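Database features, via TrEMBL:
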type	residues	note
BINDING	E74, D117, L119, D120, D273	Mg(2+) binding site
Amino acid sequence: MSGNPAVVMRLVASAYSVAEKAGAIVRKVLHSGDLGIVEKTGANDLQTLADRLAQKSICASLSRHFPKITIIGEEDLPAEEVQEDLIENGQAEDILQRSCPEEYRALKEEELVVWVDPLDGTKEYTEASRCLHLQAVAQKPCKGLDKTHGTALWLLDNVTVLIGIAYGGRAIAGVINQPFYNYQLGAEAALGRTMWGMLGLGAFGFQLQEVPADKRIVTTTRSHSNKTVTDCVNAMEPHEVIRVGGAGNKIIQLIEGKASAYVFASPGCKKWDTCAPEAILHAVGGQLTDMCGNAYRYNADVKHMNSAGVLATLRNHDYYVSRVPQSVLQALKSD
Ligand code: AMP
Ligand code: MG
Ligand code: MG
């Protein structure tokens with residue numbers, strides 16, 4: 001790379017380092033055992049100290065280096081001085097070295113919108129924490145909390161940090177940090193990974209894999225289900241259904257060959273849930289739309305809620321759109 005890197009490449013490189021710092025904050029709060037849980041709209045819409053600190057860290061770090069970009073974070077936080085130890089100044093060197101796709105070379109800070117979900121999968125984060133706490137008290141694995149897996153520790157993998165970058169209303173780049181990746185190994189040093197992607201460049205930090213074409217594995221919500229969600233999943237005629245937490249986590253399942261479609265026929269997911277995942281999925285040829293097959297827009301002034309649901313696939317998007325029942329479309333429209 002000769003000369004100064006393009007603004008958007010510098011932004012992605014910063015977002016990468018900032019997401020790693022946020023991931024470390026998410027781990028630290030879990031290990032402290034004191035989550036400081038607050039209910040937002042109800043018991044299934046939670047905020048923890050990790051959500052608050054990670055968002056402060058991400059937003060303050062990015063706006064220090066890119067004062068003119070618009071940053072929209074999930075959490076409603078009071079405007080206050082951010083402690084210096086929450087600021088991340090690093091930029092991933094290998095991203096800075098890459099050549100920027102031609103169409104994004106001249107982008108200016110003020111044309112970019114950053115959508116931040118500081119902790120996606122908060123519900124699962126709190127459940128895993130409870131499991132760890134019970135384990136520590138009882139000095140043995142917390143069996144019985146989860147029917148399928150025995151313990152609830154697998155829920156740690158549902159947790160991600162999402163930083164999405166939009167230009168002209170489109171998600172063009174994204175970073176996903178998975179703070180507890182490799183949690184099975186137990187060693188702090190080995191924990192976490194970061195994936196990123198950009199339209200025109202591809203996606204990195206994972207091994208792209210596909211579910212065999214003759215198998216339909218549908219991934220959907222585990223904590224925000226309702227009849228419409230279930231009806232729609234069943235209408236896909238899946239061979240298998242996986243119920244896990246987090247929008248970021250479900251996109252990881254698509255790109256790592258664990259699921260063929262992410263189906264969520266309900267409002268609830270917001271733009272900060274889908275911007276980074278959508279950019280990474282698009283970068284490898286996948287699609288993320290509402291249940292009708294229409295793209296979402298990510299301009300600064302759009303409605304935050306993805307009211308018409310989320311449908312994401314790596315391949316065969318049209319098949320899944322065609323299977324959505326009229327009754328489901330009607331239910332989403334009347335929301
Ligand atoms: P899930 O698949 O249930 O983990 O949801 C993916 C993302 O959308 C998470 O950030 C959830 O918090 C959010 N979400 C989905 N449905 C709802 C809801 N009914 N209320 C609040 N947040 C929701
Ligand atoms: Mg989220
Ligand atoms: Mg969140």
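Glycine is treated like the rest: Cβ placed from N, Cα and C.
Just so you know, TrEMBL annotations never went through curation; they're auto-generated.
Locations of recorded TrEMBL features on the structure.
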residue	record	DSSP (3 states)
E74	Mg(2+) binding site	coil
D117	Mg(2+) binding site	strand
D273	Mg(2+) binding site	helix
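Once Cβ contacts within 10 Å are tallied over all protein chains shown, the binding-site residues D117, D120, D273 are led by D117.
In sequence order, D51, Q55, V116, D117, P118, K270, W272 constitute the residues six or more apart from E74 (Mg(2+) binding site) in its chain with CB-CB distances below 8 Å. With a CB cut-off of under 6 A applied against ligand 2, the binding-site residues D117, L119, D120, D273 are reduced to D117, D120, D273.
The Mg(2+) site is defined by E74, D117, L119, D120, D273, and by the 8 Å test on Cβ atoms against their centroid, the other residues of the chain that qualify are D51, V116, P118, G121, T122, T160, V161, L162, G246, A247, G248, K270, W272. Listed in sequence order, A22, V26, T48, A50, D51, A54, Y125, V159, T160, V161 are the same-chain residues at least 6 apart in sequence whose CB falls under 8 Å from the CB of L119 (Mg(2+) binding site).
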